[in-house]
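Can you read through this structure? Questions will come right after.
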Amino acid sequence: MDNNLTSKLKYREAKLGYLMILPLLTVVLVFIILPVMGTFWISLHRDVTFIPEKPFVGLRNYLRVLSAREFWYSTFVTVSFSFVSVSLETILGLSFALILNERLKGRGVLRAIVLIPWAVPTIISARTWELMYNYSYGLFNWILSILGVSPVNWLGTPISAFFAIVIADVWKTTPFMTLLLLAGLQAIPQDLYEAALIDGASMFERFKSITLPLLKPVLIVALILRTIDALRVFDIIYVLTGGGPGGATTSISLLAFNYYNLGDYGIGSAISILTFVLVLSFTIVYLKVGRFRRD
């Protein structure tokens, strides 16, 4: 009798659980799974605007993309941008979070100021940086002219354009890392620090033995979110350089956009699916590394 009652209660709880997550599953199905499946289906066809027929070509679009130098170069640009940007944002975000976690006068105002760049829409932020990078009347070249230094074409060479984009992205997104890591720091019990202080632990020892281990789960989540976002970078590059000079800063998303603009939806969709696979691969690596270190 008791076993039967327990089984019924478990069934009701399971049924309630499924009903609770049903709206979320519906959203995931409609806005994630179906669009990805639709994009994959298009990528299996020669879908070009000026060609009425859309013949099924299988994986031919993928072979064409994978054999193209521009795809691998854009992949290199995207991965390099993600690595440099996320690394800098993590270091700066953790530094700001540690400072804002201290009991400072006016830290509420400081937190609000730090979050301002994140609140600015990316298009507006990128346009502002574009004006500051301008060769003729930009802020940076104006400062150089005061110092007696020749102006620099910040967006005119591949290397300078790459780092110009990185700087703009770091300024925009570091507050996001700061916010996540600050929330993780505030969840760490202060008793641990007080006990370590009594034991004579230095600031570095407290950071190494208490802060980093307890902050690691939040740090991994922050890295996953930022890496996913960085690998999909489009808007800030589109506004600042448009992929130039000479395609030197073209990301994978921008490359797919260019093919869509040309009306080649089959190739554009294939690049989009490969971008999805790239993002998924990095996410799995982060999760595996994080789980291994926790174990």
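Cβ coordinates are placed from backbone N, Cα and C, and glycine is handled just like the others.
Pulled these features from Swiss-Prot for this protein:
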type	residues	note
DOMAIN	75-286	domain 'ABC transmembrane type-1'
TRANSMEM	16-36	transmembrane segment
TRANSMEM	79-99	transmembrane segment
TRANSMEM	112-132	transmembrane segment
TRANSMEM	146-166	transmembrane segment
TRANSMEM	210-230	transmembrane segment
TRANSMEM	236-256	transmembrane segment
TRANSMEM	267-287	transmembrane segment
Does the transmembrane segment (236-256) reach the transmembrane segment (112-132), going by 3 or more CB pairs under 8 Å (6 or more apart in sequence)?
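The transmembrane segment (112-132) and the transmembrane segment (236-256): touching, yes.
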Can you name the far-off residues of the same chain, 6+ from the ends of the transmembrane segment (79-99), with a Cβ under 8 Å from a Cβ of it?
110, 114, 162, 165-166, 169-170, 173-178, 180-182, 184-185, 211, 219, 222-223, 226-227, 230-231, 233, 251
Short question: most Cβ pairs under 8 Å with the transmembrane segment (210-230), which of 112-132, 146-166, 267-287?
267-287
